[in-house]
């Protein structure tokens, strides 16, 4: 009963900046209940994020999703009518690229969470593998989350929405957003003509390109889904050594520059 009450009544507030620490998918459709067993729902400080289950003890999300009193729910589809196999966890440890937990819009927006106890695999809970090859521009990607489905007005759905978008050349994002450096550890993804995008409430969730987990929802334009204003995603492949090192117990491993 406590779990049902929490899932049904938690409020979703928007961050005061353009980062998608509460983003939903614009222009998508309801995800199939069986297509996202790795997708986790993260609540903190009255905000929400997404995340990805890597194994029974570890979740990968965005650094800007860090907050107090974090709760992590696995096996969720409908927030109003929870699956019977929903599980709740809290962080045991959090790991960031920088010990000061700093990040920018183009670097280090990534956080590994070790759960307080292992997750039990079930019909709606299963991990997603890390990528075996780097992302390729032009790939069709799947983005998903419980973020708002309208922008700038916010409408939050009961179930996660999914949308297919394209992995774009990084220069498209540089043209859209002043201040992005010539190179970064991010990916640029969206639809050039607009209409589909991750948005407020989707942050931390996965970007899956050609079947591989390549990105973490980070930030984008405001309003969301505008023409030639794609979303910016943390590049998972670029951080593989750091992710694998932390999970293996090597806390001295460093993130790529």
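A Cβ is built for glycine as well, from the same backbone N, Cα and C atoms used for every other residue.
As written in Swiss-Prot, here are the features:
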type	residues	note
SIGNAL	1-18	signal peptide
DOMAIN	25-248	domain 'Peptidase S1'
DISULFID	31-162	disulfide bond
DISULFID	49-65	disulfide bond
ACT_SITE	64	active site, charge relay system
DISULFID	97-255	disulfide bond
ACT_SITE	109	active site, charge relay system
DISULFID	141-209	disulfide bond
DISULFID	173-188	disulfide bond
DISULFID	199-224	disulfide bond
ACT_SITE	203	active site, charge relay system
Based on DSSP, name the secondary structure state of residue 173 (disulfide bond): helix, strand or coil. helix
Local backbone state of residue 31 (disulfide bond), from DSSP in three classes: coil
For the domain 'Peptidase S1' (25-248), the averaged pLDDT of the predicted model is 95
Quick check: in three-state DSSP terms, what is residue 224 (disulfide bond)? coil
Taking just the CA atoms, what is the gap between residue 109 (active site, charge relay system) and residue 203 (active site, charge relay system) in Å? 10
So of all those recorded positions, 31, 49, 188, 203, 224, which one's Cα sits nearest to residue 141 (disulfide bond)? 188
Could you state the CA-to-CA distance between residue 209 (disulfide bond) and residue 188 (disulfide bond) to the nearest Å? 12
Which of the three DSSP-derived classes (helix, strand, coil) applies to residue 64 (active site, charge relay system)? helix
Pairwise Cα distance for residue 49 (disulfide bond)/residue 203 (active site, charge relay system) [Å, integer]: 5
For residue 49 (disulfide bond), the three-state DSSP class is strand
For residue 188 (disulfide bond), name the DSSP secondary structure in the helix/strand/coil scheme. strand
Whole-number Å only: compute the distance from the Cα of residue 203 (active site, charge relay system) to the Cα of residue 31 (disulfide bond). 17
Least surrounded, by Cβ count within 10 Å, of the disulfide-bonded residues 31, 49, 141, 255 is 255
